[in-house]
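Trainee: The following block contains the structure, expressed as structure tokens.
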Amino acid sequence: MKNKLPPFIEIYRALIATPSISATEEALDQSNADLITLLADWFKDLGFNVEVQPVPGTRNKFNMLASTGQGAGGLLLAGHTDTVPFDDGRWTRDPFTLTEHDGKLYGLGTADMKGFFAFILDALRDVDVTKLAKPLYILATADEETSMAGARYFAETTALRPDCAIIGEPTSLQPVRAHKGHISNAIRIQGQSGHSSDPARGVNAIELMHDAIGHILQLRDKLKERYHYEAFTVPYPTLNLGHIHGGDASNRICACCELHMDIRPLPGMTLNELNGLLNDALAPVSERWPGRLTVDELHPPIPGYECPPNHQLVEVVEKLLGAKTEVVNYCTEAPFIQTLCPTLVLGPGSINQAHQPDEYLETRFIKPTRELITQVIHHFCWH
């Protein structure tokens, strides 16, 4: 029952005190099972039906869906349960102890983004869920900070089709309706080693990579010329060469060279389209040197995302906040939730605090966030 729910600050404190770090390095990676159990128990106390979904391909990670109300449509409030690892030497406070000081709540996940669930639970104290005309769903996902496996799997497997969704990432309560995607690849070239005194007896992978880079830079120019979205600060897809390694000695013909690169596509560009453009760009090298060039994903790709600017969700939220929706360059789970329904990214705290030592959320966000959650529930679930 509602009177069993702890006070807002104690909910917040318990969430921060429950570690749920996501990391590609197995030694740092943690299950989110304890955090999911916390959330599930609280939502059950509020009368929600709760489903816990194991996420395949992860190290004991789970999604949670809490639901109440009947019928079609309704509202989905979503967020991720995991945090990034922390640099112990750069934190001046215990990352897992919620600390309030000078108008700020400090702790790992205060802004990005465990705190959003505390706001939802607190707002629901004043909502009679038995009187909702449409369903209300709360989604807590796993592994957003690494593979986004939780949101991907939920979107692939659910039959839910809400009217709209809000993902509570830290946007300083400024609504976001679009962002770029992210694709990161490793270009690997396998040459043939040999003594540098006889170049004809080897195939220098660095020289082949030099040729490949020239074609990749031509692709970068093509992306800049062909695709535009003026609302973005950088209004075209970017392509970055971020890391390269090859060879082991100055007197040996380089046998292997590897380049890491990324592309940040605009909304509307498909992953198949981008893969085709990259493969076409590298085709001259592949054709000249069959079997020596490969392209592999470094991370699962994230498509760009856009909520239609004239959708009711945009109009309602802009009116409630008195602020226009924005577009941003960072990535969220929105592309996957958007496959289910129109989606906005909107939550308390600043994105500038995400992944930072001494992460905090300013207490000035508490009242307006609680009010906003109550208002959107009333608008989309009561009418």
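Cβ from N, Cα, C; glycine included.
Straight from Swiss-Prot, here's the annotation block:
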{"type": "ACT_SITE", "residues": "ASP82", "note": "active site"}
{"type": "ACT_SITE", "residues": "GLU144", "note": "active site"}
{"type": "BINDING", "residues": "HIS80, ASP112, GLU169", "note": "Zn(2+) 1 binding site"}
{"type": "BINDING", "residues": "ASP112, GLU145, HIS355", "note": "Zn(2+) 2 binding site"}
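For each listed feature, how buried is it and what is near it?
Mentor: Note: ASP82 (active site) has non-local neighbours SER20, ILE21, SER22, ASN32, LYS61, ALA142, ASP143, GLU144, GLU145, THR146, i.e. same-chain residues 6+ apart with C-beta under 8 A of its own C-beta.
Of all the Cβ atoms in the protein chains shown, 24 others lie within 10 Å of the Cβ of GLU144 (active site).
The Cβ of HIS80 (Zn(2+) 1 binding site) has MET113, ALA140, THR141, ALA142, ASP143, GLU144, GLU145, GLY150, ALA151, GLU333 as same-chain neighbours under 8 Å, each 6 or more residues away in sequence.
Taking a C-beta cut-off of under 8 Å and a sequence gap of six or more, HIS355 (Zn(2+) 2 binding site) has these contacts in its own chain: VAL84, ASP112.
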Trainee: As a test of the contact definition, list every same-chain residue at least 6 positions from GLU169 (Zn(2+) 1 binding site) whose Cβ is closer than 8 Å to its Cβ.
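Mentor: The list for GLU169 (Zn(2+) 1 binding site) reads GLY79, ASP112, MET113, PHE116, VAL176, THR332, VAL345, LEU346, GLY347, ILE351, given in order along the sequence.
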Trainee: Run through the Cβ atoms and count how many others sit within 10 Å of the one on ASP112 (Zn(2+) 1 binding site).
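Mentor: ASP112 (Zn(2+) 1 binding site): 27 neighbouring Cβ atoms within 10 Å.
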Trainee: Enumerate the residues of the same chain, ASP112, GLU145, HIS355 excluded, that satisfy the criterion Cβ within 8 A of the mean position of the Cβ atoms of the recorded Zn(2+) 2 site; list them in sequence order.
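Mentor: Here the nearby residues are THR83, VAL84, MET113, ALA354.
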Trainee: If you draw a 10 Å sphere around the Cβ of GLU145 (Zn(2+) 2 binding site), how many other Cβ atoms fall inside it, taking every protein chain shown into account?
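Mentor: For GLU145 (Zn(2+) 2 binding site), the 10 Å Cβ neighbour count is 19.
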Trainee: Hey, for the Zn(2+) 1 site built from HIS80, ASP112, GLU169, who else sits with CB inside 8 A of the CB center?
Mentor: GLY79, MET113, PHE116, GLU144, ILE167, GLY168, PRO170, THR332, GLY347, ALA354
Trainee: According to DSSP, which of helix, strand or coil covers HIS80 (Zn(2+) 1 binding site)?
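Mentor: It is in a strand.
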